[in-house]
Every structure is written in C-alpha cells, then in structure tokens.
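Peer 1: Attaching a single structure in structure tokens format; questions to follow.
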C-alpha cells in the first residue's frame, strides 16, 4: 500500500483543449516512461545480484521506492534517470542535504538528553543508597523506547495536513517534554533525597516521572525516523543513520558523561576549585530546567522556520496496523526479530553493572567522571567514521565485527575489575579503565550504526515511520528487557557477611553491630557500615553473571546469529516488501 500517484492531466491553456501535437508529445512521454521502467527493472535485477554477492552497494530499487513515495513525485514530470547511491563525504553533499542532516542531528540530540539521564546518570546517583535490584526497577523507565511499536501506527496515520505529517507530532511532543523537564527540575532534588526513605516517594513513584519523559522521547523518535527517510535526497539516505548516531550519542553522553562529571563534587574540587565545597558545578534540577527551556525554544524555531512537504491522508490507523501485522508475518522480519531479542544478552552485565562495580571497589566518582568525559569525543568521532564504514562495507558484516569486539570488551571489563589495585586507584589503572571504556563504547557504536544502516536500507519508505520503528523497537527491546533480570541476578548470586567490629568505634551513625548478618543488599550494607561493621564479600555475583552472559553470547552468535544476519543481508529488497511475495530463504 502506498501513496496513489496523481493522474496525468491534459495540458490546457486559457480553457482550450489539447492540440494534436500535444497529444503526440504525451504519447511520446508515455513511451519514454515505459522505456524508463524497463531500464529500472534491469537495474533492479542487477542490484539484486550485487546484494546476493554481498557487494557493498546501496540498492537502486530502495532509492527509487524512496523517490516515488515522496509527495513531490509525479508522472506529469519527465522520467528521471534511475538514482544511484552516492559515496560522498559530508562536505560533498548538496547544501540542502547538509542543512537537513544538521536538523536531524539536532532532533536526535534532543532525544538523547532525557535518555542519557534516565539510562545513565540517575541510576548512577541512585546507587549510593539502593541495591542492584532496585536500580533494575528504575531501568523500567526506559521501556517506552522499546515498546513504541505499539503506538507507532497512530503516529504514522494521524496528522494534520496543515502542519505536516511529522511536525504534527514533533512539535507538541517536544513542547510537553520541555514542560515536563521544567516541572521535574523544580522537584527532582528533593525526590532524589527522599526516594526509598520513610515518608518519601517509593522507587516506583520516582520511576513514573522518568517513564513519562522517555515516553515522549520514544514518540518523537517515531516521527523523526519517518521524516529522516524523506528529508535527505534518495542517494544520500544512508546519512540518516549517521545523523541518528551522532545526535543520540551526543545527547546521551552529554547527559551521562559531561553532566556526571560536572555534578560530581570530587571532580569539581579536584580540577576547578582551590577550596573544596560539598556540591558539584551543576545540579540535576538546574540541568533539567536548562534543557526544558531549550526544548521549548527549538520547538518554536522548528514551527516557524522549517516547512514540511505537504501530503494527503492515505491510510487510517487500522490500515497502518494491518500493514504492520503484514510486515510481522514476513519470515525475514520474524528472523531479524529473534536475532535482535537475543543478540545483546552477552553484553548485559558489562553494560549495566561494570561501572557500578568499579565504584563499589573504590574507583571514585571523580575518576569515573573523568573516564566518561574523555570517552565523549572518541564516541562522537568514532560514530561518524562508523557511519562511513557502513557505506563502504555491508552493514551486517560490520555489525558482526562489532559483536565479536563487544564480547571481547565484556571479558576485558571483568579483568579490569579483578585487577583493581589493593592500594587504591593509580595512574596506570586509570589509563587501563579509560582504554577499556573507549574500546567498549567503540564496539557498541559500530554495532548501532551498522544495524541502523541496515534498517534504513530494507525499510519500505511508504510506511517508513512504522517500518523503521518496528525494527528499532525490537532492537532496543533486546537491550532493555534482560537488564532488569541481570541486575536481580547479580544480587541473587552475591554473598556477603557483615562482621561486627572488634572494638567499640568512637562515632557510629547507628546502633553498633553485635551479630553477623548478610549484607549483600545495599540497605543491609549501609546498616553494616553505619554500625561499625565490615561487609565481607565472599562471592561476587557480577563475575558469575558476566561469565554466563558472555558464554551465552558466544554460543548464540556462532550457532545462530551470524549465519542468519549474513543470510538476511544477501536477500533482495523484495523479500522485505508487502507488495510482492518475499523471497524464501532456508531457515
């Protein structure tokens, strides 16, 4: 199902009918169109063979479908030459594409601001007085990003022709996000201090506020993903994944790495102050308020300064749901869904626990802030080059290289925790942690860019928002749904005993510990330390869970994931379309 092409109109002038010569010209144009279609068919067949041979080449039928799906396309116009994918650098792109690329980066960047807080900084701050299991509960706030498929057909089908198909959603969503951040910024400091304490909000209540912000970001992402397919010219559509990578990465790392550094009192006292103070250079409330106003300003500018191409309503909500259901019934889609759901299990312990475990070892917030801050420019630069590599190599082969590197990064992360110096953090150990962190984020970025490029290549532009969102949703879900269980398993496998003090301490924050008890949970550990005891860990659940995750990742990658993704990449694009029967691979 796609946009209905406009019927060719008979040219008239001042109310007169078409002359015979004009009719002959129209007949000639019709023959030219038929000839052009034949040439297009031959070119498509040629590109199918290129894809089957795993040649790095952007398929012309995907680009042609993108061009035809645009409202500006008309059979009234002369038949254009078959477009081909370009391998231009950014500076070689047309000025219009450069401006639209910048707009996409900005929109994705804004999405990354609350996401970086919800998935990075806030769990880090909560670790001071909550267990891994309770942090696992807060991780549920990121679930809207993994479940946006449920309402993506509504975003694709309901919009105002006067405002624009994508701006109809982007403008109000960004406005609500800005207002939400302004309100949360005025109360978040108090909520953080009282969460989980008597008389304060529960972790579930605190999670609901962040759930709302992530819900807004997820809805905006649906609209931006669909807009990305038409903002750039067809031959440069591969840069959409680069814009997503650079924008989201910059936003998330600004809210995670940069904010965490400047919010740390230890980092501020060490690098920026001559006299130590008990607070950082910025607060969570002030940061939220600043970006709340930034959201509102960008929304106003987008409303008045950027015009979206007008289109007509073609499909209703249920039509889009039917299309989505039809896409889900494709065997190739079912296979890629299975791959996405199991692909990130091998990295879960490393992604969710390693940094927290370093803090438990005594790495220090100022050192962690410095580590993630140094990692930030590497992440941006590597994201750009990973986008170029996805143009030069077949995306899923590049994705497989990143997968193997990411498994190696998980092993190196565990070794880094094991060799933590007994005397405390030294210069050489800080360098080791930074190097391991950069390598881990590099492999993560390679996988993200490669799979985004693959999604953009196979997505049907006619239902671009829904198709891209379906693929991105299952990819995100594979990274979020195991996180809660992995964090719970770390608590489950951890064994620690609180040893009472051998002599009475001079100052205790609570009653002295008289009998040994389990202190594997964070509240019990705090009670042990406050009572003068020592929490002696006999079994670290992080090591066990990380080994299990990596082992599962190796087995699934060798036996299922790698063979399947390379097979799917070799399929022609008609295997991903509803308009023709999908190619049947051997499954």
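A Cβ is built for glycine as well, from the same backbone N, Cα and C atoms used for every other residue.
So TrEMBL says this about it:
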REGION    1-39  region 'Disordered'
COMPBIAS  10-24  compositional bias 'Polar residues'
TRANSMEM  101-124  transmembrane segment
TRANSMEM  168-188  transmembrane segment
TRANSMEM  208-233  transmembrane segment
TRANSMEM  245-264  transmembrane segment
TRANSMEM  284-305  transmembrane segment
TRANSMEM  398-422  transmembrane segment
TRANSMEM  428-454  transmembrane segment
TRANSMEM  466-485  transmembrane segment
TRANSMEM  541-561  transmembrane segment
Peer 1: Are there at least 3 C-beta pairs under 8 angstroms linking the transmembrane segment (466-485) and the transmembrane segment (284-305), leaving out pairs fewer than 6 apart in sequence?
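Peer 2: Since fewer than 3 Cβ pairs under 8 Å link them, the transmembrane segment (284-305) and the transmembrane segment (466-485) do not come into contact.
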Peer 1: If I count Cβ-Cβ pairs under 8 A between the transmembrane segment (168-188) and each of 208-233, 245-264, 398-422, 541-561, which range comes out on top?
Peer 2: 208-233
Peer 1: Taking 3+ C-beta pairs under 8 angstroms (sequence gap of 6 or more) as contact, is the transmembrane segment (466-485) in contact with the transmembrane segment (245-264)?
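Peer 2: No, since the transmembrane segment (466-485) and the transmembrane segment (245-264) share fewer than 3 Cβ pairs closer than 8 Å, they do not count as touching.
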Peer 1: Rank 101-124, 208-233, 398-422, 428-454, 541-561 by Cβ pairs under 8 Å to the transmembrane segment (245-264) and hand me the top one.
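Peer 2: The listed stretch sharing the most Cβ pairs with the transmembrane segment (245-264) is 101-124.
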Peer 1: Checking distant contacts: for the transmembrane segment (101-124), what same-chain residues at least six beyond its ends satisfy Cβ-Cβ under 8 A?
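Peer 2: Here the qualifying positions are 90, 93, 135, 138-139, 141-142, 145, 170, 174, 177, 181, 210, 213-214, 216-217, 220-221, 224, 227-228, 231-232, 239-240, 242-244, 246-257, 259-260, 263, 284, 287-288, 291, 294-295, 298, 306, 355-356.
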